[in-house]
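Here's what Swiss-Prot has on this protein:
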DOMAIN    6-249  domain 'ABC transporter'
BINDING   Gly41, Phe42, Ser43, Gly44, Ala45, Gly46, Lys47, Ser48  ATP binding site
Amino acid sequence: MSIIELKNVDVDFPQKKGKLVKAVNSVSLSIEKGDIYGIVGFSGAGKSTLVRTINLLQKPSAGDIEVDGTQFVKDGKQVISNKELQLKRRNIGMIFQGFNLLNETTVLENVAFALKHEKLSDDELEKKSLELLELVDLKEKANFYPSELSGGQKQRVAIARALANNPDILISDEATSALDPQNTQQILDLLKRLNKQFNLTVILITHEMDAVKKIATKVAVMEHGQVIEKGSLRQVFLHPKQELTKKFVGGSLEAISTLNSLHLDKLSKNESIYQLVYSVNNVAKSIIIELYKEIGVEVSMLYGNVELLNDEPIGTLVVLIKGDQEKQKQAKEFLQKQDVTLTRLDEKGNIYD
């Protein structure tokens, strides 16, 4: 069941001389309840602009928006009253890269601030705020000030505050971008736990594919305001169609670094380099040994890695295949039958044109 439906959403920003910049261009997404939906792309791709249309912090120029069964926008026009919109926004929590904490108040007071519209006694307010801090494993820091916390702890406070109204949706807008790897992992683990514990729908906006790989169930890739690819995380990771997606998912930076360090000579017509991406669970035997046995080509491994894709082990190999054109064709066909995704690379690790 979809909790968020975006259909043909545009966001136009007027410029001088009557020109328009199309920050979001005809985007359609269906996000189901309980998804961890990653939206990934480089800076300026339109990710943040798009997700801010969900709660109408950014008004769309065209399209339809429906959230949890309520129509917010129809044909680019707001159809929900401002009063009802204010109530509906309480069901959508948001966290940001910059934390947005009140520096002059304690951690407990920061969380309590999000409950100011509730008719709670002081004791009830404190109890509720402490419960939220306990949820993010930060109850012991209740009387600390933000300046006394690490970046990861500040983000935990922001998450506790975002959960104050028991939302069904949490939007994470580059929330881990300013954190070190350890704190990033802890925040991602927390988001995943909250997703499972409360069936919380999480929308993860990031330019870091690693964050999406670790916890997302579905992913959309954005470029120049458009969604160029979308699907389940496994589908997009194992079978990317667009070049940008291949760059995001392939561990290509490590592969490029490795190939550059090898200083390979220019490849002959009987030599090809391929990046192979596959599910370790589905490919039980050694791919290289099987290629040699079945096809008779010579295969050299140049790079190898195994990582977890939302708890599923995924292997990445970069191999040099030597053989005549017919043998190379047979090798490609054999690998594709094994559900291995192939991307041809040049000797420097770039995607082969």
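The first residue you see is number 1, and the count goes up from there.
Each Cβ is built from the backbone N, Cα and C atoms, and glycine gets one as well.
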Report the residues of the chain - excluding Gly41, Phe42, Ser43, Gly44, Ala45, Gly46, Lys47, Ser48 - with C-beta within 8 Å of the mean position of the site's C-beta atoms, for the recorded ATP site, in sequence order.
His207, Met222
Mean predicted confidence [pLDDT] for the domain 'ABC transporter' (6-249):
93
Which has the fewest other Cβ atoms within 10 Å: Ser43, Ser48, the binding-site residues listed?
Ser43
Of Gly41, Gly44, Gly46 (the binding-site residues), the residue whose Cβ has the fewest other Cβ atoms within 10 Å:
Gly44
Using a Cβ cut-off under 8 Å and a sequence separation of 6 or more, which residues in the same chain sit near Phe42 (ATP binding site)?
His207, Glu223
